[in-house]
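Listed features, source Swiss-Prot:
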- 10: site 'Discriminates between blocked and unblocked aminoacyl-tRNA' (SITE)
- 15, 65, 67, 113: tRNA binding site (BINDING)
- 20: active site, proton acceptor (ACT_SITE)
- 92: site 'Stabilizes the basic form of H active site to accept a proton' (SITE)
């Protein structure tokens with residue numbers, strides 16, 4: 001069965017390593033760790049196909065900027081006939097503590113424009129991995145916060161490594177096992193921002 005792993009972010013050098021691009025960072029790390037071929041631009045996204053422990057996987061990074069992420073994802077889903085239950089979207093989340101991971105299926109988009117775009121074209125019945133980037137301090141502009149770089153990139157990379165270590169659990173029916181494994185590993189990692 002084919003799975004689609006999507007990382008949300010904005011294309012361009014100026015957005016690399018920003019909080020809003022943590023989805024792209026996760027997909028890049030998965031690609032390198034599991035030796036996927038280089039990304040090719042198709043359907044307005046960067047795409048690579050390979051496998052993760054015998055599971056066929058397409059990795060995708062929409063290249064339409066965050067607010068229009070749904071258009072390329074919808075094209076990929078329709079072309080490859082991927083069921084919504086086999087779609088996992090990695091994205092930043094300001095309402096979650098820094099480097100905390102939450103997984104859920106469906107639900108609201110909490111004002112995240114990338115998710116809003118996907119919801120509009122595909123509905124909400126897909127999986128989301130929410131990567132906590134923390135909320136800005138009082139008086140700090142939210143858009144500046146999400147578009148600025150991480151203060152503690154080591155903690156981000158450690159959390160991404162924890163995700164990769166247990167990613168094959170995402171292809172199982174009970175995704176809470178993945179959540180618990182990653183959460184337990186994060187407890188023992190220095191994640192102060």
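Using the three backbone atoms N, Cα and C, a Cβ is placed for every residue, glycine included.
Within 8 Å of the Cβ centroid of the tRNA site, not counting the listed residues 15, 65, 67, 113, the chain contributes 10, 20, 64, 66, 68, 69, 114.
Cβ neighbours within 10 Å of residue 15 (tRNA binding site), excluding its own Cβ and spanning all shown chains: 17. For the recorded site, residue 65 (tRNA binding site), the DSSP three-state label reads coil. Fewest other C-beta atoms within 10 Å: among the recorded positions 10, 67, 113, that description fits 67.
Cα of residue 113 (tRNA binding site) to Cα of the residue listed as 'active site, proton acceptor': a span of 11 Å. In this structure, the recorded positions 20, 65, 92 were compared by how many other Cβ atoms lie within 10 Å of their Cβ, and the smallest count belongs to 65.
Checking the recorded positions (10, 20, 92) against residue 65 (tRNA binding site) with a 10 Å Cα-Cα cut-off leaves 10.
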